[in-house]
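> Here TrEMBL flags Arg19 as site 'Transition state stabilizer'. Summarising the annotation, TrEMBL assigns active site, proton acceptor to Tyr24. Sequence annotations record features per position, and here TrEMBL assigns substrate binding site to Asn75, His81, Asp88, Ile102, Ser103, Arg112. According to TrEMBL, the feature active site, proton donor maps to His101.
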Amino acid sequence: MSKTIFILNGPNLNLLGKRQPEIYGADTLDDVETRCRALATSLGFQIELFQSNHEGVIIDTIQRAREEAAAIVINPGAFTHTSVAILDALNAYDGLVFECHISNVHKRESFRHHSFVSGRADGVMAGFGVEGYELCVRRACSLLSK
Ligand code: CA2
């Protein structure tokens, strides 16, 4: 079984730590990658972190995960609330899926309350800041080690 976990990030998450720190915090995506990699390595796994502003690229990466990753941690960004295509790609993936939102989407505008991804996810994280990514990686490693 693959020991790789893909961490996928959708549109605008390349701006993490650079804009709107009051909502998304001061850590960058590079910081998230460093911490998730250290955690995964300590638990005997490896991570690959991706970010794209393009829906098709995210779908291509989910399809690649079918061959290369035992779990996906995904923050689809705004595509969470719009993309049936990302849901279809995740439904074609057999491994574990964790949905991770930095902010508590349920405390925000009503259009952020619905997620197309949640119905496929094995777990959903929202409002734990960027620590949520590490919690998802920890859970994935725990389930994959059983
Ligand atoms: O809370 C989350 O993680 C979100 O997935 C973030 C998305 C938003 O559309 C979702 O409703 C909730 C937005 C990502 C934008 O990321 C930025 C980060 C820093 C500065 C500006 C945008």
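Glycine is no exception: its Cβ is also placed from the backbone N, Cα and C atoms.
Give me the local environment of each listed feature.
Within 10 Å of the Cβ of Arg19 (site 'Transition state stabilizer') there are 10 other Cβ atoms, across all protein chains. According to DSSP, Arg19 (site 'Transition state stabilizer') is assigned to coil rather than to any helix or strand.
Proximity of Tyr24 (active site, proton acceptor) to non-local residues of its own chain (separation of 6 or more, Cβ distance below 8 Å) is seen for Leu16, Gly17, Ile102, Ser103, Gly129, Val130, given in sequence order.
Residues within less than 8 Å, Cβ to Cβ, of Asn75 (substrate binding site) and separated from it by at least 6 positions along the same chain comprise Leu8, Asn9, Gly10, Leu13, Glu99, Cys100, His101, Ile102, Tyr133.
DSSP assigns His101 (active site, proton donor) to a strand.
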> For Arg112 (substrate binding site) and Arg19 (site 'Transition state stabilizer'), what Cα-Cα distance in Å is obtained after rounding to a whole number?
19
> Which recorded positions among Tyr24, Asp88, Ser103, Arg112 have CB under 6 Å of ligand 1?
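With ligand 1 as the reference and 6 Å as the Cβ limit, the list reads Tyr24, Ser103, Arg112.
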